[in-house]
Amino acid sequence: MKKNIIVLGAQWGDEGKGKVIDFLSKNINYVVRCQGGNNAGHTVVIKEEKTVLHLLPSSILNKNTINIISSGVVISPIDLVKEINMIEKKGISIKNRILISELCPLVLKYHVSMDVAREKNRKKKEIDSIGTTHRGIGPAYEDKIARRALRIHHLINKDKFKKKLKNIVEYYNFQLINYYKEQPVNHEKIFNELINKSKLLNNISIDIPSYLNSINKKNKSIIFEGAQGALLDIDYGTYPYVTSSNTTVGGIISSTGISPFSIKYILGIIKAYSTRVGNGPFPTEIFDETKNIILEKGKEFGSTTGRKRRIGWFDAVAVKRVIQINSFSGFCLTKIDVLDNIKEIKICTSYILPNGKILDNISNIDDWNKAKPIYKSMPGWLSKTKGVKNFKNLPILAKNYIKKLQSIIKIPIEIISTGSDRNDIIVLNKKLVE
(Lines of atoms letter the chains of each structure in order from A and count residues from 1; the text may use other names and numbers.)
(Lines give C-alpha, C1' and ligand atoms only; values in the text may rest on other atoms or scores of the structure.)
Protein backbone atom coordinates (compact mmCIF):
# COMPACT_ATOMS: atom_id res chain seq x y z
CA MET A 1 0.00 0.00 0.00
CA LYS A 2 1.33 3.43 -0.92
CA LYS A 3 1.65 5.71 2.09
CA ASN A 4 3.30 9.12 2.04
CA ILE A 5 3.93 10.03 5.68
CA ILE A 6 5.01 13.34 7.20
CA VAL A 7 6.86 12.99 10.52
CA LEU A 8 7.06 16.15 12.63
CA GLY A 9 8.17 17.07 16.13
CA ALA A 10 5.15 18.42 18.01
CA GLN A 11 6.98 20.16 20.87
CA TRP A 12 10.24 22.16 21.04
CA GLY A 13 12.37 19.58 19.21
CA ASP A 14 14.34 16.60 20.55
CA GLU A 15 11.18 14.47 20.67
CA GLY A 16 12.81 11.36 19.18
CA LYS A 17 12.10 11.83 15.46
CA GLY A 18 15.36 10.16 14.45
CA LYS A 19 14.51 6.84 16.06
CA VAL A 20 10.96 6.82 14.69
CA ILE A 21 12.03 7.61 11.13
CA ASP A 22 14.77 4.98 11.28
CA PHE A 23 12.14 2.45 12.44
CA LEU A 24 9.48 3.37 9.86
CA SER A 25 11.95 3.56 6.97
CA LYS A 26 12.65 -0.19 7.18
CA ASN A 27 9.60 -0.61 4.94
CA ILE A 28 9.82 2.62 2.92
CA ASN A 29 12.53 3.28 0.34
CA TYR A 30 12.50 7.09 0.14
CA VAL A 31 13.03 9.55 3.00
CA VAL A 32 13.22 13.33 2.55
CA ARG A 33 14.76 15.74 5.07
CA CYS A 34 12.78 18.93 4.56
CA GLN A 35 14.09 21.94 6.53
CA GLY A 36 16.62 23.23 9.04
CA GLY A 37 20.34 22.71 8.84
CA ASN A 38 23.10 21.22 10.95
CA ASN A 39 21.50 22.88 13.97
CA ALA A 40 19.31 19.77 14.15
CA GLY A 41 20.51 16.62 15.87
CA HIS A 42 18.68 13.37 15.16
CA THR A 43 19.86 10.37 17.18
CA VAL A 44 19.54 6.73 16.12
CA VAL A 45 20.60 3.90 18.48
CA ILE A 46 21.15 0.39 17.12
CA LYS A 47 22.40 -2.28 19.55
CA GLU A 48 23.71 0.43 21.90
CA GLU A 49 25.69 2.15 19.11
CA LYS A 50 24.60 5.78 18.88
CA THR A 51 24.68 7.74 15.61
CA VAL A 52 23.91 11.47 15.64
CA LEU A 53 22.84 12.97 12.31
CA HIS A 54 22.66 16.70 11.62
CA LEU A 55 21.98 16.93 7.88
CA LEU A 56 21.42 13.46 6.45
CA PRO A 57 17.96 11.90 6.84
CA SER A 58 17.60 9.57 9.83
CA SER A 59 17.04 6.64 7.46
CA ILE A 60 20.65 6.63 6.21
CA LEU A 61 21.49 3.58 8.37
CA ASN A 62 18.85 1.50 6.56
CA LYS A 63 20.82 0.26 3.57
CA ASN A 64 17.87 0.14 1.16
CA THR A 65 16.71 3.75 1.50
CA ILE A 66 17.28 6.64 -0.89
CA ASN A 67 18.01 9.67 1.30
CA ILE A 68 16.93 13.04 -0.05
CA ILE A 69 17.59 16.60 1.13
CA SER A 70 15.10 19.17 -0.16
CA SER A 71 15.50 22.89 -0.83
CA GLY A 72 14.15 23.88 2.59
CA VAL A 73 17.41 22.67 4.14
CA VAL A 74 20.41 24.99 4.41
CA ILE A 75 23.57 22.99 3.75
CA SER A 76 26.99 23.37 5.32
CA PRO A 77 29.10 21.61 2.65
CA ILE A 78 31.95 20.94 5.08
CA ASP A 79 29.68 19.39 7.69
CA LEU A 80 27.73 17.37 5.12
CA VAL A 81 30.93 15.80 3.78
CA LYS A 82 32.07 15.04 7.36
CA GLU A 83 28.75 13.33 8.02
CA ILE A 84 28.96 11.27 4.83
CA ASN A 85 32.50 10.20 5.78
CA MET A 86 31.29 9.23 9.27
CA ILE A 87 28.57 7.00 7.78
CA GLU A 88 31.02 5.35 5.37
CA LYS A 89 33.41 4.62 8.27
CA LYS A 90 30.60 2.59 9.82
CA GLY A 91 30.75 0.36 6.75
CA ILE A 92 27.52 1.69 5.24
CA SER A 93 27.65 2.47 1.54
CA ILE A 94 26.12 5.78 0.45
CA LYS A 95 26.69 5.19 -3.25
CA ASN A 96 23.56 6.24 -5.19
CA ARG A 97 21.74 6.69 -1.87
CA ILE A 98 21.99 10.46 -1.27
CA LEU A 99 20.35 13.18 -3.36
CA ILE A 100 20.32 16.93 -2.65
CA SER A 101 18.20 19.70 -4.10
CA GLU A 102 20.21 21.91 -6.41
CA LEU A 103 18.33 24.81 -4.80
CA CYS A 104 19.64 24.25 -1.25
CA PRO A 105 21.24 27.44 0.15
CA LEU A 106 24.78 27.07 1.46
CA VAL A 107 25.83 27.78 5.05
CA LEU A 108 29.33 29.26 4.98
CA LYS A 109 31.92 30.67 7.37
CA TYR A 110 30.52 34.22 7.31
CA HIS A 111 27.10 32.95 8.44
CA VAL A 112 28.68 31.31 11.47
CA SER A 113 30.76 34.40 12.29
CA MET A 114 27.65 36.59 12.12
CA ASP A 115 25.61 34.19 14.25
CA VAL A 116 28.28 34.14 16.99
CA ALA A 117 28.82 37.92 16.82
CA ARG A 118 25.11 38.62 17.26
CA GLU A 119 24.72 36.34 20.25
CA LYS A 120 27.81 37.89 21.86
CA ASN A 121 26.44 41.38 21.18
CA ARG A 122 23.07 40.53 22.75
CA LYS A 123 24.77 39.39 25.94
CA LYS A 124 26.99 42.49 26.01
CA LYS A 125 23.93 44.75 25.72
CA GLU A 126 22.06 42.62 28.27
CA ILE A 127 19.45 41.70 25.71
CA ASP A 128 18.04 38.17 26.01
CA SER A 129 19.93 35.95 23.60
CA ILE A 130 17.94 33.59 21.41
CA GLY A 131 20.21 30.73 22.39
CA THR A 132 21.20 29.73 18.86
CA THR A 133 23.45 26.76 18.11
CA HIS A 134 26.12 29.08 16.60
CA ARG A 135 25.89 27.13 13.33
CA GLY A 136 24.99 30.13 11.13
CA ILE A 137 21.49 28.90 10.36
CA GLY A 138 19.63 32.18 10.93
CA PRO A 139 21.95 34.28 8.75
CA ALA A 140 21.79 31.62 6.00
CA TYR A 141 17.99 31.80 5.92
CA GLU A 142 18.21 35.60 5.93
CA ASP A 143 20.29 35.40 2.75
CA LYS A 144 17.63 33.19 1.19
CA ILE A 145 14.87 35.71 1.95
CA ALA A 146 17.08 38.64 0.86
CA ARG A 147 17.73 36.83 -2.46
CA ARG A 148 21.50 36.84 -2.07
CA ALA A 149 22.00 33.20 -1.02
CA LEU A 150 24.58 31.03 -2.72
CA ARG A 151 22.97 27.72 -3.64
CA ILE A 152 24.25 24.30 -4.64
CA HIS A 153 23.76 24.92 -8.38
CA HIS A 154 25.97 28.04 -8.21
CA LEU A 155 28.97 25.75 -7.68
CA ILE A 156 28.81 24.57 -11.29
CA ASN A 157 30.31 27.80 -12.66
CA LYS A 158 33.32 28.43 -10.43
CA ASP A 159 34.19 31.88 -11.81
CA LYS A 160 30.67 33.24 -11.31
CA PHE A 161 30.52 31.60 -7.92
CA LYS A 162 33.77 33.23 -6.79
CA LYS A 163 32.52 36.66 -7.88
CA LYS A 164 29.22 36.24 -6.02
CA LEU A 165 31.07 34.96 -2.97
CA LYS A 166 33.43 37.95 -2.91
CA ASN A 167 30.51 40.40 -2.99
CA ILE A 168 28.65 38.64 -0.19
CA VAL A 169 31.77 38.40 1.99
CA GLU A 170 32.29 42.16 1.59
CA TYR A 171 28.72 42.71 2.80
CA TYR A 172 29.26 40.55 5.89
CA ASN A 173 32.75 41.83 6.67
CA PHE A 174 31.48 45.41 6.72
CA GLN A 175 29.10 44.47 9.54
CA LEU A 176 31.54 42.21 11.37
CA ILE A 177 34.28 44.87 11.42
CA ASN A 178 32.33 48.10 11.82
CA TYR A 179 29.39 47.14 13.99
CA TYR A 180 30.37 44.00 15.88
CA LYS A 181 34.14 44.76 16.10
CA GLU A 182 34.92 41.18 15.09
CA GLN A 183 37.48 39.66 12.75
CA PRO A 184 36.60 39.53 9.02
CA VAL A 185 36.39 36.32 7.02
CA ASN A 186 38.53 35.53 3.99
CA HIS A 187 36.63 34.81 0.77
CA GLU A 188 39.61 33.07 -0.88
CA LYS A 189 39.85 30.59 1.98
CA ILE A 190 36.11 29.89 1.83
CA PHE A 191 36.28 29.43 -1.94
CA ASN A 192 39.20 26.99 -1.78
CA GLU A 193 37.50 24.88 0.88
CA LEU A 194 34.31 24.74 -1.18
CA ILE A 195 35.95 23.82 -4.45
CA ASN A 196 37.30 20.67 -2.80
CA LYS A 197 33.73 19.66 -1.98
CA SER A 198 31.99 20.92 -5.13
CA LYS A 199 32.44 17.80 -7.26
CA LEU A 200 30.67 15.59 -4.73
CA LEU A 201 27.85 18.10 -4.25
CA ASN A 202 27.31 18.61 -7.98
CA ASN A 203 27.23 14.85 -8.56
CA ILE A 204 24.37 14.31 -6.12
CA SER A 205 22.32 17.48 -6.73
CA ILE A 206 19.10 17.23 -8.76
CA ASP A 207 15.67 18.83 -9.28
CA ILE A 208 13.89 17.37 -6.24
CA PRO A 209 10.22 18.24 -7.08
CA SER A 210 10.48 16.43 -10.43
CA TYR A 211 12.15 13.45 -8.77
CA LEU A 212 9.55 13.18 -5.99
CA ASN A 213 6.66 13.51 -8.40
CA SER A 214 8.11 10.72 -10.55
CA ILE A 215 8.22 8.51 -7.43
CA ASN A 216 4.60 9.34 -6.70
CA LYS A 217 3.56 8.34 -10.20
CA LYS A 218 5.21 4.95 -9.63
CA ASN A 219 3.04 4.51 -6.50
CA LYS A 220 6.08 4.40 -4.20
CA SER A 221 5.96 5.49 -0.54
CA ILE A 222 7.88 8.44 0.91
CA ILE A 223 8.60 9.66 4.45
CA PHE A 224 9.01 13.42 4.85
CA GLU A 225 11.23 14.19 7.84
CA GLY A 226 10.89 17.46 9.72
CA ALA A 227 13.60 18.89 11.96
CA GLN A 228 13.33 20.75 15.28
CA GLY A 229 9.71 20.97 16.52
CA ALA A 230 6.48 22.75 15.66
CA LEU A 231 6.76 25.07 18.68
CA LEU A 232 9.98 26.41 17.13
CA ASP A 233 8.29 27.32 13.84
CA ILE A 234 9.29 30.79 12.59
CA ASP A 235 5.61 31.77 12.22
CA TYR A 236 3.73 29.73 14.82
CA GLY A 237 6.32 29.02 17.49
CA THR A 238 7.29 30.97 20.62
CA TYR A 239 8.62 33.86 18.51
CA PRO A 240 11.29 35.27 18.67
CA TYR A 241 12.66 32.22 20.53
CA VAL A 242 12.28 30.01 17.48
CA THR A 243 14.31 28.55 14.64
CA SER A 244 14.57 30.23 11.23
CA SER A 245 12.48 27.81 9.16
CA ASN A 246 8.92 26.50 8.98
CA THR A 247 8.87 23.35 11.09
CA THR A 248 5.18 22.68 10.46
CA VAL A 249 3.33 20.82 7.67
CA GLY A 250 3.34 23.88 5.42
CA GLY A 251 7.13 23.93 5.47
CA ILE A 252 7.26 20.32 4.28
CA ILE A 253 5.01 21.03 1.31
CA SER A 254 6.77 24.21 0.19
CA SER A 255 10.29 22.81 0.52
CA THR A 256 9.65 19.62 -1.45
CA GLY A 257 7.26 20.74 -4.20
CA ILE A 258 5.06 17.74 -3.41
CA SER A 259 1.28 17.99 -3.74
CA PRO A 260 -0.49 18.21 -0.35
CA PHE A 261 -3.08 15.80 -1.74
CA SER A 262 -0.43 13.08 -1.96
CA ILE A 263 0.10 13.03 1.83
CA LYS A 264 -1.76 10.13 3.46
CA TYR A 265 -0.70 10.42 7.11
CA ILE A 266 0.80 13.09 9.39
CA LEU A 267 2.59 11.64 12.42
CA GLY A 268 3.45 13.92 15.33
CA ILE A 269 6.20 12.96 17.77
CA ILE A 270 5.65 13.89 21.42
CA LYS A 271 7.67 13.13 24.53
CA ALA A 272 5.88 11.92 27.66
CA TYR A 273 7.16 15.15 29.21
CA SER A 274 8.51 18.39 27.69
CA THR A 275 11.98 19.79 27.00
CA ARG A 276 13.43 22.80 25.25
CA VAL A 277 16.95 24.04 24.55
CA GLY A 278 17.89 27.69 24.86
CA ASN A 279 15.82 30.65 25.97
CA GLY A 280 12.12 31.34 25.59
CA PRO A 281 8.86 30.71 27.45
CA PHE A 282 8.38 27.26 28.93
CA PRO A 283 5.31 27.31 31.23
CA THR A 284 5.63 23.76 32.61
CA GLU A 285 9.34 23.98 33.47
CA ILE A 286 10.33 21.90 36.51
CA PHE A 287 12.74 23.32 39.08
CA ASP A 288 12.77 20.67 41.83
CA GLU A 289 14.73 17.40 42.06
CA THR A 290 12.40 15.74 39.53
CA LYS A 291 14.12 17.84 36.87
CA ASN A 292 17.49 16.20 37.59
CA ILE A 293 16.02 12.69 37.61
CA ILE A 294 14.49 13.21 34.16
CA LEU A 295 17.57 15.05 32.87
CA GLU A 296 19.92 12.19 33.76
CA LYS A 297 17.69 9.23 32.92
CA GLY A 298 16.50 10.80 29.68
CA LYS A 299 20.04 11.88 28.74
CA GLU A 300 18.58 15.29 28.00
CA PHE A 301 21.64 16.99 26.58
CA GLY A 302 21.52 18.68 23.18
CA SER A 303 22.85 16.42 20.40
CA THR A 304 24.14 19.47 18.52
CA THR A 305 25.38 21.72 21.34
CA GLY A 306 25.72 19.39 24.33
CA ARG A 307 23.75 21.90 26.42
CA LYS A 308 21.46 20.66 29.19
CA ARG A 309 17.86 20.73 28.05
CA ARG A 310 15.27 22.45 30.19
CA ILE A 311 12.78 19.95 31.60
CA GLY A 312 9.02 20.36 32.02
CA TRP A 313 5.81 18.42 32.43
CA PHE A 314 3.70 17.48 29.41
CA ASP A 315 2.06 20.65 28.07
CA ALA A 316 -1.27 19.72 26.49
CA VAL A 317 -2.12 23.37 25.76
CA ALA A 318 0.97 23.78 23.59
CA VAL A 319 0.43 20.41 21.90
CA LYS A 320 -3.23 21.21 21.12
CA ARG A 321 -2.08 24.47 19.50
CA VAL A 322 0.27 22.44 17.31
CA ILE A 323 -2.54 20.02 16.44
CA GLN A 324 -4.60 22.98 15.14
CA ILE A 325 -1.83 23.98 12.75
CA ASN A 326 -0.72 20.55 11.53
CA SER A 327 -3.86 18.34 11.47
CA PHE A 328 -2.02 15.30 12.84
CA SER A 329 -3.43 11.88 11.99
CA GLY A 330 -1.81 10.30 15.04
CA PHE A 331 1.03 10.56 17.53
CA CYS A 332 4.09 8.61 18.57
CA LEU A 333 4.71 8.99 22.31
CA THR A 334 8.39 8.71 23.23
CA LYS A 335 10.48 8.37 26.41
CA ILE A 336 7.69 6.89 28.53
CA ASP A 337 10.42 4.82 30.23
CA VAL A 338 12.14 7.98 31.53
CA LEU A 339 9.19 8.49 33.90
CA ASP A 340 9.42 4.98 35.40
CA ASN A 341 10.65 6.19 38.81
CA ILE A 342 8.57 9.36 39.17
CA LYS A 343 6.00 9.18 42.00
CA GLU A 344 3.70 11.94 40.75
CA ILE A 345 3.36 12.93 37.10
CA LYS A 346 1.67 16.14 35.98
CA ILE A 347 -0.11 17.15 32.78
CA CYS A 348 -0.74 20.82 32.01
CA THR A 349 -4.37 21.04 30.85
CA SER A 350 -4.72 24.85 30.66
CA TYR A 351 -2.97 28.11 31.56
CA ILE A 352 -3.97 30.92 33.88
CA LEU A 353 -2.92 34.56 33.37
CA PRO A 354 -2.25 37.03 36.24
CA ASN A 355 -5.70 38.58 35.66
CA GLY A 356 -7.32 35.20 36.32
CA LYS A 357 -8.18 34.46 32.70
CA ILE A 358 -8.02 30.76 31.82
CA LEU A 359 -6.47 29.90 28.45
CA ASP A 360 -6.91 26.65 26.54
CA ASN A 361 -5.06 28.06 23.52
CA ILE A 362 -2.20 30.50 23.16
CA SER A 363 -0.59 32.30 20.24
CA ASN A 364 1.62 35.24 21.26
CA ILE A 365 4.76 35.76 23.30
CA ASP A 366 3.13 38.17 25.76
CA ASP A 367 0.67 35.51 26.89
CA TRP A 368 3.34 32.80 26.83
CA ASN A 369 5.54 34.83 29.19
CA LYS A 370 2.73 35.41 31.71
CA ALA A 371 1.05 32.00 31.56
CA LYS A 372 1.12 29.70 34.57
CA PRO A 373 0.16 26.03 34.19
CA ILE A 374 -2.93 24.38 35.64
CA TYR A 375 -2.11 20.72 36.25
CA LYS A 376 -3.85 17.38 36.36
CA SER A 377 -1.77 15.09 38.63
CA MET A 378 -1.52 11.35 38.15
CA PRO A 379 0.26 8.63 40.15
CA GLY A 380 3.47 7.28 38.66
CA TRP A 381 3.75 3.56 37.89
CA LEU A 382 7.12 3.07 39.64
CA SER A 383 7.95 0.00 37.57
CA LYS A 384 9.84 -0.80 34.39
CA THR A 385 8.54 0.07 30.93
CA LYS A 386 11.92 0.11 29.17
CA GLY A 387 12.03 -2.34 26.27
CA VAL A 388 8.35 -3.33 26.52
CA LYS A 389 7.05 -4.19 23.05
CA ASN A 390 3.38 -4.95 23.74
CA PHE A 391 0.87 -2.46 25.15
CA LYS A 392 -0.80 -5.07 27.35
CA ASN A 393 2.52 -5.63 29.18
CA LEU A 394 2.80 -2.00 30.30
CA PRO A 395 2.03 -1.24 33.98
CA ILE A 396 -1.63 -0.30 34.47
CA LEU A 397 -0.73 3.21 35.71
CA ALA A 398 1.45 3.78 32.62
CA LYS A 399 -1.50 2.73 30.46
CA ASN A 400 -3.70 5.15 32.40
CA TYR A 401 -1.25 7.99 31.77
CA ILE A 402 -1.16 7.27 28.04
CA LYS A 403 -4.96 7.03 27.87
CA LYS A 404 -5.32 10.31 29.79
CA LEU A 405 -2.96 12.11 27.37
CA GLN A 406 -4.94 10.73 24.46
CA SER A 407 -8.26 11.83 25.96
CA ILE A 408 -6.93 15.38 26.49
CA ILE A 409 -5.30 15.92 23.09
CA LYS A 410 -8.03 13.96 21.25
CA ILE A 411 -5.65 12.45 18.70
CA PRO A 412 -4.79 8.72 18.80
CA ILE A 413 -1.40 7.64 20.15
CA GLU A 414 -0.44 4.95 17.63
CA ILE A 415 3.21 4.28 18.42
CA ILE A 416 4.93 4.21 21.84
CA SER A 417 8.71 4.30 22.25
CA THR A 418 9.90 2.49 25.38
CA GLY A 419 13.65 3.02 25.09
CA SER A 420 16.41 4.46 22.94
CA ASP A 421 17.07 1.38 20.78
CA ARG A 422 15.29 1.18 17.40
CA ASN A 423 13.47 -1.99 18.54
CA ASP A 424 12.17 -0.62 21.87
CA ILE A 425 8.81 0.24 20.40
CA ILE A 426 5.09 -0.59 20.58
CA VAL A 427 3.10 -0.20 17.36
CA LEU A 428 -0.64 0.14 17.97
CA ASN A 429 -1.53 1.02 14.36
CA LYS A 430 -0.05 -1.85 12.37
CA LYS A 431 -0.90 -0.15 9.06
CA LEU A 432 1.99 2.25 9.67
CA VAL A 433 4.52 -0.58 9.32
CA GLU A 434 2.87 -2.76 6.69
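Cβ atoms are placed via backbone N, Cα and C, with glycine included.
Swiss-Prot names D14, E15, G16, K17, N39, A40, G41, H42, R147, Q228, T243, R307 for binding IMP. Of T132, T133, T256, the residue it gives for the same site is T133.
Listed recorded positions near Q228 (IMP binding site): G13, H42 (candidates G13, K19, H42; Cα-Cα distance within 10 Å).
When the binding-site residues K19, T133, R307, K308 are screened for a Cα within 10 A of the Cα of H42 (active site, proton donor), the ones that qualify are K19. Distance from the CA of D14 (IMP binding site) to the CA of I336 (GTP binding site) is 14 Å. The shortest Cα-Cα distance between T133 (IMP binding site) and any of the binding-site residues T43, R309, T418 is the one to R309. Across D14, E15, G16, K17, N39, A40, G41, H42, T133, R147, Q228, T243, R307, which the record gives as binding IMP, the greatest C-alpha separation is 34 Å.
Comparing the binding-site residues T43, Q228 by how many other C-beta atoms lie within 10 angstroms of each C-beta, the top residue is Q228.
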